[in-house]
Amino acid sequence: MNQNPVEEGQKFPLTIRRMGINGEGIGYFKKAVVFVPGAITGEEVVVEAVKVRDRFTEAKLNKIRKKSPNRVTAPCPVYEACGGCQLQHVAYSAQLELKRDIVIQSIEKHTKIDPTKLKIRPTIGMEDPWRYRNKSQFQTRMVGSGQVETGLFGANSHQLVPIEDCIVQQPVTIKVTNFVRDLLEKYGVPIYDEKAGSGIVRTIVVRTGVKTGETQLVFITNSKKLPKKREMLAEIEAALPEVTSIMQNVNQAKSSLIFGDETFLLAGKESIEEKLMELEFDLSARAFFQLNPFQTERLYQEVEKALVLTGSETLVDAYCGVGTIGQAFAGKVKEVRGMDIIPESIEDAKRNAEKNGIENVYYEVGKAEDVLPKWVNEGFRPDAVIVDPPRSGCDQGLIKSLLDVEAKQLVYVSCNPSTLARDLALLAKKYRIRYMQPVDMFPQTAHVETVVLLQLKDK
């Protein structure tokens, strides 16, 4: 039986009490919770119910009766349609406060830990919270008689929103994407049709090294074929000298994953170079690298502040990617070991260590939850562990391994407060949360990165 007093299509007044973990406003109508994208804490609004469930209602904003002083005009022309950003309508100082609150909400919802007893610091923001993303992944679509569009899927949909410019992207990523889009149209290259499963070019991926100026272009295709390849490569080489690597990745799966397993070189180098904290890193097409290079140094500085190192410690860099975090600490410890499931990332990590003259690192391909226990069985016990997992959080097998290994210091770098809270509840059996430091890696969005220092409890 539906206990919700709201009916679909119903319009009603609402006061927004707080904002949720996805950046939406939250209010209560006859004690039933209502989620309203685009509404801000303190606003009095009129909304229309669009989706009614037993325990909650999703509504759209119809009218603002009392506006928040933190409301600003979103500068992006496709902000409401695109779904890539959730907070452009919120003043930046208020975005930073919200992100700290999102961490608190996650602790409240997913653990029995009292967040008022935790030291949750104010969010570290950016001086200029625009044009920060070093990588774009724009889908392609054919419209009308041969016109090619590139853009992002709208929020919770597979409707492509055409994007001519994106104000959170590094300008070169947009410049290259638009140039390639026009080439695809000019040469009539077949564009992937999701419903029919036909066509060739699915996605245009561009990543740039902000410190080096090197840029990589990846054609994500539905087959190994790429018609008019020679002509397009010649035009790209002539017009875009900043593009130093052109790759093709084949993804034939009917899924939302961008990359497939097969990647090969079309022109230039296999990877691009980026610099971070006085180190140099090679980035291959599928390798993970932080999307906001400006804030990455701030993030790693917070990790550095969290760890107390004398130089005699052994350190594990779990989910190591191309080795950035571990190599930043290699000069401060006796040995660093890292693991990652993507073979290309481990190849990059090894090459990066060699390039940076770092000899006290060891890397292995594999899942963290498999590799760490293996190392322990071989007699290696880390004094400190850094985990920087994907949005899904730490695998439960890794949590068990961490609890078994009992490293004195554990730093958790999270990109998802919900899975962070879930993992902290499990780690709390043996670890004490010293503090949590939110870092804004993705201004204008509801995403928040958090550095958490955990210390082994005294027995």
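Just so you know, glycine gets a Cβ as well, placed from its N, Cα and C.
In the three-state DSSP scheme, C415 (active site, nucleophile) falls into the coil class. Non-local contacts of C415 (active site, nucleophile) by the CB criterion (under 8 A, 6+ apart in sequence, same chain) comprise P390, R391, M441, H447, E449. If you look up Swiss-Prot, you'll see C415 marked as active site, nucleophile, on the strength of sequence analysis.
In the three-state DSSP scheme, C82 ([4Fe-4S] cluster binding site) is classed as helix. Summarising the annotation, Swiss-Prot assigns [4Fe-4S] cluster binding site to C76, C82, C85, C166 and lists similarity to another entry as the type of evidence.
The S-adenosyl-L-methionine binding site annotation in Swiss-Prot covers Q290, Y319, D340, D388. Of all Cβ atoms in the shown protein chains, 26 besides its own fall within 10 Å of the Cβ of D340 (S-adenosyl-L-methionine binding site). Look at D340 (S-adenosyl-L-methionine binding site): DSSP puts it in a strand.
Per Swiss-Prot, the feature domain 'TRAM' maps to 5-63; the stated evidence is sequence analysis.
Ranking the binding-site residues Y319, D340, D388 by the distance of their Cα atoms from the Cα of C85 ([4Fe-4S] cluster binding site) places D388 first. Put simply, Q290 (S-adenosyl-L-methionine binding site) is 23 Å from C76 ([4Fe-4S] cluster binding site) when counted between their Cα atoms. Cβ contacts within 10 Å of C85 ([4Fe-4S] cluster binding site), excluding its own Cβ and spanning all protein chains shown: 22. Annotated S-adenosyl-L-methionine site Q290, Y319, D340, D388; additional same-chain residues within 8 Å of its Cβ mean position, judged by their own Cβ, are F288, D317, A318, C320, G321, T324, I325, P389, P390, V413. The [4Fe-4S] cluster site is defined by C76, C82, C85, C166, and by the 8 Å test on Cβ atoms against their centroid, the other residues of the chain that qualify are V78, Y79, G84, Q88, L152, I163, I167, V168, Q444.
Y319 (S-adenosyl-L-methionine binding site) has a Cβ environment of 22 other Cβ atoms inside 10 Å.
Site extent for S-adenosyl-L-methionine: the farthest pair of Cα atoms among Q290, Y319, D340, D388 sits 15 Å apart. Secondary structure from DSSP puts D388 (S-adenosyl-L-methionine binding site) in coil.
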